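Heads up, the thing below is written out as structure tokens.
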Amino acid sequence: MAAGAQKLQVLVVSALLLLLAVGCQASPLQIGFYHDRCPQAEAVVKGVMMDAISQNPGNGAAMIRMLFHDCFVEGCDASVLLDPTQFSPTPEKLSAPNNPSLRGFELIDAIKDALEAACPGIVSCADIIAFSARDASCILSGGKVDFEVPSGRRDGTFSNASEPVKFLVPPTSNLSDLVDSFVVKGLDVEDLVILSGAHTIGRSHCSAFVPDRLNVTSDIDGSLAAFLRGQCPADAAPGGNDPTVMQDVVTPNDLDRQYYNNVLSRTVLFTSDAALLTSEETARMVMDNANIPG
């Protein structure tokens, strides 16, 4: 594997480090956990993901985001998938960071149905999220990013809308707030910069950056600001008149390092992305990632 591809793999694997961490699990994870009871499990997931991404590359971005929104809250337990119940009327999926912007629930259902047909009652939803995010990374990177995922996660049974608000900081956050949110999870500034690179794919609702990034004091590139004003209503609000735009207009469907070039050229949507240039340390990391060869 070329050095550039290796570095890209490291970038994405690190971005998914919460998936690979075993500390949040009650029992150890292992490669090939389903080898005996459902040997085709990972192939089934990848097949559904290939079909879904061929229809809409945004399905891949949705799975990567779902992984983060699941793992960064209470560990990789699929609690983000739980619907309201009598005992938990407001689960995570109804919280502000997830509703209505988090996508991919129907795709998870489709993967679950395919797995149930192959080997009923074996593969956890938490592992489905993990496998699907890995496969999305592979497909959207043109095969440059491919790695084994340890599995054996248990599905959670409790979900509360108050939890994501504690851990998933909004896209209007400054660098200090971003760093603090990562420190709470035992992560550092480099992890923050790497994980932010996932914003090289997918779409964003206008309400995530209007009016914050389109006001007169914003440092956003003027051409991008003009384009966004033409796409987004001034009163964009979640659940209302809230169109979506590509996060990366250069290579919108490719999992690559273009995000870091966008940060440097001030063509990113979120204040949280632009904040990476507000310290010498993070700005240097952005530059280093932008200059990865290959």
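Cβ atoms here come from the backbone N, Cα and C positions, even for glycine.
Note: TrEMBL links Cys38 through a disulfide bond to Cys119 (candidates: Cys76, Cys119, Cys125). Per TrEMBL, the Ca(2+) 2 site holds Asp248, Thr251, Asp256; the candidate it also names there, chosen from Thr172, Thr200, Thr217, is Thr200.
When you check TrEMBL, the disulphide partner of Cys71 from the set Cys24, Cys76 turns out to be Cys76.
Within the set Cys138, Cys206, the cysteine that TrEMBL bonds to Cys232 via a disulfide is Cys206.
According to DSSP, Cys206 (disulfide bond) is assigned to a helical segment. His69 (active site, proton acceptor) is 25 Å away from Cys232 (disulfide bond) when you measure Cα to Cα. Here the candidates are the binding-site residues Val73, Gly75, Asp77, Ser79, Glu92. The one whose C-alpha lies nearest to that of Cys206 (disulfide bond) is Glu92. Neighbours of His69 (active site, proton acceptor) among the recorded positions Cys38, Cys76, Asp77, Cys119, defined as a Cα within 10 Å of its Cα, are Cys76.
With respect to their backbone Cα atoms, Cys76 (disulfide bond) and Arg65 (site 'Transition state stabilizer') stand 13 Å from each other.
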